[in-house]
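Copied from TrEMBL, the annotated features are:
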- 177-264: domain 'Strictosidine synthase conserved region' (DOMAIN)
- 14-37: transmembrane segment (TRANSMEM)
Amino acid sequence: MRCQAGCSSFSGRVFRVTFLMLAVSLTVPLLGALLLLDSPIDPQPLSFKEPPLLLGVLQPNMKLRQAERLFENQLIGPESIANIGDVMFTGTADGRIVKLENGEVETIARFGSGPCKTRDDEPACGRPLGIRAGPNGTLFVADAYKGLFEVNPWKREVKLLLSSETPIEGRKMSFVNDLTVTQDGRKIYFTDSSSKWQRRDYLLLVMEGTDDGRLLEYDTKTQEVKVLLDQLRFPNGVQLSPAEDFVLVAETTMARIRRFYVSGLMKGGADLFVENLPGFPDNIRPSSSGGYWVGMGTIRSNPGFSMLDFLSERPYIKRMIFKLFSQETVMKFVPRYSLVLELSDSGAFRRSLHDPDGQVASYISEVHEHDGHLYLGSFRAPFLCRLNLQSV
């Protein structure tokens, strides 16, 4: 009995010493890494209002689960969608502009070259983002790394309109994102999300809260470029109003949509169209009701926990996170909650469509309405989704 008690006491001490040594061996390198490693971002504190409660028109539902997947594993990251008649076009993560017709995927253009398999390949390969149909049967495309293009999908002709290498008011364009075009094709309004960060580092752009994004205007006739709005935090999707008197621009990092007036008595002025959205907005597209569809990159849960809201006023935690983890690892902690919002023409919440864990529709970047259906673009998913508008 005496030996058993002594052995038990000795074993306990050995366990405690071993555990302490293990803890020290793990903690010291971790603290060293936190002290010695540089963080890729230098975030400043941001202030948000409490997210809107998910009640009423924002009440969670399963409506996005009714969508059907199209072209599964035939394309990756169909970010934006455009139609010329009944023929559909999109840009993909491997740098292609593709035609989607009769169940077939056909490549019609590329802006870059080389292998297009990893995020490090993107600058050479190109990454088509915003895509719009012009008035003359052509497509206007914003490539994150290459600039603005006009593509004739029938003749497979590609025309560079504005290179990303062209400095605008002394600053380079590192992340050309979305565009919207006047009905006559004369003016293109587009976003450059950052002068510092490229598309492949969009998570660093969001987490740092960099305010070097711009809304710009390109004149296809004179080739002149103007800066309309500056000091935006991740300007993303853009959409002209039906009367073409203002342009909406999603300011993703700030969970809001701004409005810039391009004609009329308010020309040159800007205001907030809608703020404190229930998610972080991506592309904006017109709805048949006269309002706008907004795809949400991720949700701001209330009730619940929003990681980006929590981190917004804690820049020191952001620095530590990116000292220790890659962007790919951090993305695994971002909820896959899919949310689509329809806004009225005045910015009021009209309805919302949800897939709470992204089972069917995931990583939604855009909602393109065509012929009674909603087509859901995605910046990561290997498919396109289609939803019958009458069912929602």
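Note: Cβ is positioned from N, Cα and C throughout, glycine not excepted.
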Taken over the domain 'Strictosidine synthase conserved region' (177-264), the model's mean pLDDT: 98
Tally of DSSP helical, extended and coil residues in the domain 'Strictosidine synthase conserved region' (177-264): 13 helix, 44 strand, 31 coil
